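Enquirer: The structure follows.
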């Protein structure tokens, strides 16, 4: 007869625990970028309706006047973007530095929804789809809309300051979503930097973003467009990306995905560099917006007309 087999205690439950794996990154269904596209398209149709080229010149002189009638475009010699007159754009909310200072600051936001022509609209919406869909899919519409609008505001602010610096005519009208789209390019670059541990193939992605921005700036120079708005949007978006487009660092797992039997050292959600860059970018943004608005509205001149009690305060 054989002796009884020795008794072995079962190992603790943690011994059987599978390796801890982070959940897949959260993805959003993009709907804001298609909506922005439709809004810009609808506004351009409204602009052409209000422009009414046949009411200014003969229908034969208007581009496609025989087919589009009221919606026809101005002659090629008047607008090489295939669109309305500058007067129509100014009347409907185009960026005019003099009108902004004289009590219509809303033009800093309205002008980013208007376009100078069909070519202008097509180029901007193509760039928006190329950059914007990925950002909205990764970060959601709530962060995306802040970057889009604030970068567009920064671009328009830079455009106004450029007009003041060069003492251009008050008839200079600036429109378009280029500042906001360049802001998305800048935010894509800063997002890649601050989320460095998450991505693979980083160098090629950075090169693609830099080449894309450089190509768009070169096109702006060749077409004699207002590149100050592009640069202003690019810089603003670059700093906004450090603040709003931050992902959890590699190795972070939310506590709701960690079983109770796991006793592991948890990785912090964000690292020191992400916090530091975000705080630094926020300070720089406050300074840039403050200085920009101060120069645009000439704070020193306004202060001279204030009562002494307000000045002292």
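Glycine residues also receive a Cβ, built from the backbone N, Cα and C atoms like all the rest.
Keep in mind that TrEMBL annotations are predicted by a computer and have not been checked by a curator.
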Enquirer: According to TrEMBL, which stretch among 176-194, 252-270 corresponds to the feature transmembrane segment?
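Expert: Range annotated as transmembrane segment by TrEMBL: 176-194.
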Enquirer: Do the transmembrane segment (145-164) and the transmembrane segment (229-246) share at least 3 Cβ pairs under 8 Å, sequence separation 6 or more?
Expert: yes
Enquirer: May I ask for the residues of the chain that lie six or more residues beyond the transmembrane segment (272-291) and have a Cβ under 8 Å from a Cβ within it?
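Expert: Tertiary neighbours of the transmembrane segment (272-291) are 154, 157, 190, 193-195, 235-236, 239-243, 246, 249.
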